[in-house]
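Chemist: Pulled from Swiss-Prot, these are the listed features:
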{"type": "SIGNAL", "residues": "1-31", "note": "signal peptide"}
{"type": "DOMAIN", "residues": "39-95", "note": "domain '4Fe-4S Mo/W bis-MGD-type'"}
{"type": "BINDING", "residues": "Cys46, Cys49, Cys53, Cys81", "note": "[4Fe-4S] cluster binding site"}
{"type": "BINDING", "residues": "Lys83, Gln150, Asn175, Cys179, 212-219, 243-247, 262-264, Met372, Gln376, Asn482, 508-509, Lys531, Asp558, 718-727, Asn802, Lys819", "note": "Mo-bis(molybdopterin guanine dinucleotide) binding site"}
{"type": "BINDING", "residues": "Phe794", "note": "substrate binding site"}
Amino acid sequence: MKLSRRSFMKANAVAAAAAAAGLSVPGVARAVVGQQEAIKWDKAPCRFCGTGCGVLVGTQQGRVVACQGDPDAPVNRGLNCIKGYFLPKIMYGKDRLTQPLLRMKNGKYDKEGEFTPITWDQAFDVMEDKFKTALKEKGPESIGMFGSGQWTIWEGYAASKLFKAGFRSNNIDPNARHCMASAVVGFMRTFGMDEPMGCYDDIEQADAFVLWGSNMAEMHPILWSRITNRRLSNQNVTVAVLSTYQHRSFELADNGIIFTPQSDLVILNYIANYIIQNNAINQDFFSKHVNLRKGATDIGYGLRPTHPLEKAAKNPGSDASEPMSFEDYKAFVAEYTLEKTAEMTGVPKDQLEQLAQLYADPNKKVISYWTMGFNQHTRGVWANNLVYNLHLLTGKISQPGCGPFSLTGQPSACGTAREVGTFAHRLPADMVVTNEKHRDICEKKWNIPSGTIPAKIGLHAVAQDRALKDGKLNVYWTMCTNNMQAGPNINEERMPGWRDPRNFIIVSDPYPTVSALAADLILPTAMWVEKEGAYGNAERRTQFWRQQVQAPGEAKSDLWQLVQFSRRFKTEEVWPEELLAKKPELRGKTLYDVLYATPEVSKFPVSELAEDQLNDESRELGFYLQKGLFEEYAWFGRGHGHDLAPFDDYHKARGLRWPVVNGKETQWRYSEGNDPYVKAGEGYKFYGKPDGKAVIFALPFEPAAEAPDEEYDLWLSTGRVLEHWHTGSMTRRVPELHRAFPEAVLFIHPLDAKARDLRRGDKVKVVSRRGEVISIVETRGRNRPPQGLVYMPFFDAAQLVNKLTLDATDPLSKETDFKKCAVKLEKV
């Protein structure tokens, strides 16, 4: 066959990526070269992180056989990371689930039984019985769902409707609680609206990049490649990287800073002090667009109320704040001197000053990037607020090339978990369940009785674990997440509840994960391009894809599972009589009729799909389900600064960044000339706040929930590696990625290893107050912790590092701190 220059370049890109990771050229590259004419290509966003790279998916004979970077995608411009090039192989692991599995003994369900294949009708029969029994005996608070930032937009929306409107339970929360909740609360406190004001286009215009607790080189490698290009092509560009240990992003750093865990709060306040002391405040911006408030302190650690740390806290969980003057704020940050900061953080003074100068220099455009180092933090909301302070003091915000930017880790943590409102306290478009007006808006749009949606906030992720253990949450459905491996404190707070005979656990997943194997019922799930989908990435870019192949066996999408299960419930079985009396026409209808087969959702015919276009759910139901759900959902944000484009526009584009007004996307929010919601002459308007002003918060340093002592003498930090994504349930089934990083290791400083008579390659027992795991000593490699700290990734199901972690959370966001707990080591 003829091989075009473009095909040759694509194949070489794959080969180069494989070579960079020390791998042989995969079949993906060979497919591009050898079968170009036989492969059908279509676009999709990548299945992995929140960057939102565009890929071209190659299908042949009903299978995904190839994948390449989409040269027309503005995010990645044709480049993929090593995981992206192996996307086809995540779908075809040898142990892919193809039929429902129920624990059974002697032909019926048994908590201690063996997993046995059953039909979907049988699976729904058991689920129906468990849900109806719990609802009848204990009410809506006895059921719950744990969802995902990997749900498609309409899957998250359908789940939220089913639980909040159908079952009248706000006990639905996404795994984004573990990664982005602190960012959400930080945005809401400072700006009154969620999500970043900038976009990836800032990279090519910035003068300085500051990474706070973010290893972009491995976790957001495509964005890092753009930063690297910017840094290496302009000698005046500066990169600063802050972390508790050295990692691959330090290789590009002009100023690489290692600080004592938790002391990032000190550094942030020091920089604010430096800006004020050096008269570097942008007075015009500051005087017009900023308010000052002092936040409540000593707010606890989100542990059980009986925990000594919670009992000792003066203001546990308090989000309170009060106005303060500039002079009071100036005096507050003045305590964070250079000398004090250097002492508390362990960072040399010259490095601190260099960092502060970047923010203070009025001629430098600065972008602050952060991910889990800030968010998975018992003061994660504060850390978010404090970095916003720096940009608000200097006016370096909402303009090309400068601004604070919270990066996301999952493909639709923004588009689904946050924007749709699948958190236990949220509704679509930044609305919340505690606000009567917001509930009323949803109830009217959904045509359900007033008072249907509960006003009480539901159980967040960690609270769900505790309620399961305590026997208060009895039916629990998890989708598109592996929380038994990814969540904190497995031994004490999660496993007991999952295996409690009072509780029934359902896991929907493509593979037999740690979570699935701990459940009672496993539902086989369609993944990625086996369904039509939509994700929203970190820069507010919403991206669609078509179903391109069918799922194996009886595997069904999460959307299908939710919608079909809703047929099992009539309104009389889930709503009290006083609600039905308000809308008697809904009596006798199923939740499917009320929530999904409504005139609003079902008005788009299947004929809108091309004749040969796959869409299993819509063709089965007889209407274009995804379009109906999306257009209903999009209504909530239009006209309110969350405007999404019409459904069909997304299938034509490589994503659009909201707000999309009059067909035009928005790159920079809150600034005149960029944001359609900011009028001429306003300059800047932070319209999430009633007065249009953002808030600078005065917030102090407070210590971690658990720190090393004489017995448990090391800090433990957990995280990811380039080759694997989250718990590895997809990437470890790709042979090439598995070979590249086959098992987790314990990264440790050579002197700490030597002091414990440990050598590289030794087996070592890592012990905390909550559990222990066996790992392998690594004194070299990509991650280089300082003395006193060890680092361990969580992708390895054979080394469940979250047996060790503490379920301490930020009291405001309820997000777990996976970066700081105390451990000791024992040689095996």
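The backbone N, Cα and C atoms fix where each Cβ goes, and this holds for glycine too.
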Chemist: So if I draw a 10 Å sphere around the Cβ of Val721 (Mo-bis(molybdopterin guanine dinucleotide) binding site), how many other Cβ atoms end up inside it?
Modeler: 24
Chemist: Would you list, in sequence order, the binding-site residues among Glu218, Gln246, Met372 whose CA lies within 10 Å of the CA of Cys46 ([4Fe-4S] cluster binding site)?
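Modeler: Among Glu218, Gln246, Met372, not one has a Cα sitting within 10 Å of that of Cys46 ([4Fe-4S] cluster binding site).
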Chemist: Want to know which binding-site residues, from Cys49, Cys53, Cys81, Phe794, are within 10 Å of Val721 (Mo-bis(molybdopterin guanine dinucleotide) binding site) at Cα; which are they?
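Modeler: Candidates kept after distance check: Phe794.
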Chemist: I need the nearest neighbour of Cys53 ([4Fe-4S] cluster binding site) among the binding-site residues Glu218, Gln246, Met372, Lys531, Phe794, using C-alpha distances.
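Modeler: Nearest by Cα distance to Cys53 ([4Fe-4S] cluster binding site): Glu218.
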Chemist: How would DSSP class Phe794 (substrate binding site) in three states?
Modeler: coil
Chemist: For Gln246 (Mo-bis(molybdopterin guanine dinucleotide) binding site), identify the closest of the binding-site residues Cys49, Cys81, Phe794, judging by Cα separation.
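Modeler: Result for Gln246 (Mo-bis(molybdopterin guanine dinucleotide) binding site): the nearest of the binding-site residues is Phe794.
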Chemist: For the domain '4Fe-4S Mo/W bis-MGD-type' (39-95), how many residues does DSSP put in helix, in strand and in coil?
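Modeler: Per DSSP, the residues of the domain '4Fe-4S Mo/W bis-MGD-type' (39-95) fall into 9 helix, 20 strand, 28 coil.
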Chemist: Under a three-state reading of DSSP, tell me whether Met372 (Mo-bis(molybdopterin guanine dinucleotide) binding site) is helix, strand or coil.
Modeler: helix
Chemist: Taking only the Cα atoms, work out how far the residue listed as 'substrate binding site' lies from Met372 (Mo-bis(molybdopterin guanine dinucleotide) binding site), in Å, as a whole number.
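Modeler: Counting only the Cα atoms, the answer is 14 Å.
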Chemist: What same-chain residues, at least 6 away in sequence, bring their CB to under 8 Å of the CB of Glu218 (Mo-bis(molybdopterin guanine dinucleotide) binding site)?
Modeler: His247, Arg248, Ser249, Arg720, Val721, Leu722, Arg782
Chemist: Validating a neighbour-count step here. Other CB atoms within 10 A of the CB of Cys46 ([4Fe-4S] cluster binding site): how many?
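Modeler: Its Cβ shell of radius 10 Å holds 28 other Cβ atoms.
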Chemist: Counting every protein chain present, what is the number of Cβ atoms, excluding its own, within 10 Å of the Cβ of Cys49 ([4Fe-4S] cluster binding site)?
Modeler: 27
